[in-house]
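Taken verbatim from TrEMBL:
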- A:6-24: transmembrane segment (TRANSMEM)
- A:11-451: domain 'NADP transhydrogenase beta-like' (DOMAIN)
- A:36-54: transmembrane segment (TRANSMEM)
- A:60-78: transmembrane segment (TRANSMEM)
- A:90-110: transmembrane segment (TRANSMEM)
- A:116-139: transmembrane segment (TRANSMEM)
- A:151-174: transmembrane segment (TRANSMEM)
- A:231-248: transmembrane segment (TRANSMEM)
Amino acid sequence: MNLLTAEATALLYLVVAVCFILALKGLSSPRTARRGNLIGAAGAALAVVTVFFSVRLENLPAILVAIVIGAGIAAPIARRVQMTQMPQLVALFNGVGGGAAALVAILELAEHDDGWVRAAVVFTLVVGAVSFSGSAVTVAKLQELMTTRPVVFGGMRWVMTAVVVVLLVAAVLVIATGSVVWATVLLLLGLVGGVLLVLPVGGADVPIVISLLNAFTGLAVAASGVVLNNVLLLVAGTLVGASGTILTRAMASAMGRGVAGILFGAFRGGSTAGGGAVSERPVRSSGPEDVAVMLGYAQRVVIVPGYGLAVSQGQHTIAELADALEARGVEVSFAIHPVAGRMPGHMNVLLAEANVPYESLKEMSEVNPEFRNMDVALVVGANDVVNPAAKTSPGSPIYGMPILEVGDAGQVVFLKRSMRPGFAGIENELLYSPKTTLLFGDAKDSLTKVLGAAKAL
Amino acid sequence: MDLPTLLTVVVLAVFVGFEVVSKVTSTLHTPLMSGANAIHGIILIGAILVAGQTTEPLPLVLALLAVLLATANLVGGFVVTDRMLHMFRGRNPAKDNAAKPGTSPKEPSA
C-alpha cells in the first residue's frame, strides 16, 4: 500500500532514528537504560509499520510469515538464555544481522548501474559475510564447540593473502560489470575471510572481536542504506558502526593491547595463551573458616570477581556472602575490572542478575585509590586483572594492561582452583606475598563454605 | 541520495554516535553492545523492501531468508537487552518487581 507520501515516510524514519539515538543515550545511567531500550524497540516497530504503508509490496503474506517465524525463534531464545551465555547470543544475533545485510546487497545488485552504489553493494556483501561467518566462529569458541585457543595453521598467512587478493579482483569486477556471478564469489570469499579472521584469536580476546564484528555489521547496514537509498538504514548503521568502534577500542585498551595485536598477534608467534609452569615456592593457604573470620571481623571488604566466578556460576553465592557480611556491619563493595567475565561489563550483568545493587559495583578508576583503605580484598577467580606484573615487568605479555591494585589492601584472599597461572600464562607474584592467603577449590563451592562459616560466626 | 547529502548524514551520525556512546559507563558495556546489536537489526526494513519487489523464485527465497534473519536480530536483540537492563536495580529495589515470575527466587535474608 502507498498510503504514506515519500515525505511522510521520511519524517517517520527520522522519528525512528531519534528513537535509536535515545536508546543509546539512555545507557549513560542504569536508571534510564531500560526506558531507552524500550524507546528503541518502539522505534523499530514504527519503522516496520512505516515500510508496510510506504510502498507497494509484493509477496506480503510470505513476508509476514518470515517475520513471524524470525520473531518466534529469537524471542524465546532471548528470554531463556542464561546470562553467562550472553556473549554467544549477542554474537549469534550479530551474525544473522550481517548475513541479512549481505543477502539484501546481493539481491539489490541488479538494480544499479551506478559505480559508487555498486561499490556500496560490494562493501555490504564482504563486510556482512565476514560478520556472519566470523560471528559463527566466535559462537563456536565461546560455546566451547571448538578449542578456545588461537588456531593457526602453516601457510595461513598465504591463504589469507590469496583470499584478499582474489577478493579485491572480484570487487573491481563487480563494480565494473555488476556481475552477479562475481558477487557470489565475493560473498563466498567474505565467508572464508570471516573464518580466517577469527580462528587465530584466543579465548580471552573473542569478546573484543564480537564488538568489532558488531561494528562491522553496523557499517554493512549503513552501506545498504546507500544501496537502497534509505536514510534510516544509513543513520542507524553509522550509529552502530561508530559506537562499536569506540567500544572495541575501549575494551582493547582495558586489556592494554591494540586491536591489530589481538587480530594478528597469533601470527607473530606471540600467542595469547601461555604455558602452564607451576612454581615450587611456598604459599599460605587456609580453610574456609579462617577466611570467614578474616572477612567477618573486617571493617571494609572489597570483592574482586573474575572469570572463575562466572564459570562456576557463583554470582548468587557471592551476593549472599556480601549480604551476610553487611548484616554484620562490614562495608562491602565490588571492584570490577572492565574486562572481567567474558565480555566487557559482563560481570556487572552477572552481579546484577544476582541482585547486587549497582551502587556497590565500583569501576577500576574509582576503586584503585581506595584499595589502601580496605582491610581485605577477596579475589574470586580472577588472576590476570590483579597481576602486578602488568605494572612491574616490561617483558610480561600483560605488561601495560591496567589492573586492579589489590596488593594495596591490608590483606588479600585469593579463591583459586589451583596454582596454575591464569589465561595469560604468567605467574602472579601477589600469590607469594606475605599478606596473601589462598583458598583452593571451585569458586562456588569455596564461597558456599565461606558463607556457611560466616553465618555461624 | 546525492554524494554530498550522503556524506553530511554519515558525518553527523558518526559524531552523534561517538558523543552518545562515550558517555556510557563501563558498567553498561554489555547492554550497550547488545543494544547496538539490536539497532542494526533494522536492516529488516531493507530486507522487506527487497522481498516486496522480487518476483523470481530464487531471489524471493533469499530475500525471505534475509527477512527472517533480520527479524531474529531485531527482536532478539531488543528482548535480551531489556532482560539484562531489567536486572540492574538500585539499593532499594521497588516492590513492583518482587511478584514477577522468573526473576530471582532469593529472599533478602537480613
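Every residue, even glycine, has its Cβ placed from backbone N, Cα and C.
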### Summary
Spatial neighbours of the transmembrane segment (A:151-174) not adjacent in sequence (6+ beyond its ends, CB under 8 Å) are 109, 118, 121-122, 126, 182-183, 185-186, 189-190, 192-193, 196, 199-200, 266-267
### Task
Quick one: find which recorded stretch in A:6-24, A:60-78, A:90-110 has the most Cβ pairs under 8 Å with the transmembrane segment (A:36-54).
A:6-24
### Query
Same-chain Cβ contacts of the transmembrane segment (A:90-110) under 8 Å, 6 or more residues past its ends?
74, 118, 120-121, 124-125, 127-136, 138-139, 142, 174, 178, 180, 183-184, 187, 190, 210, 213-214, 216-217, 220-221, 223-224, 227-228, 343
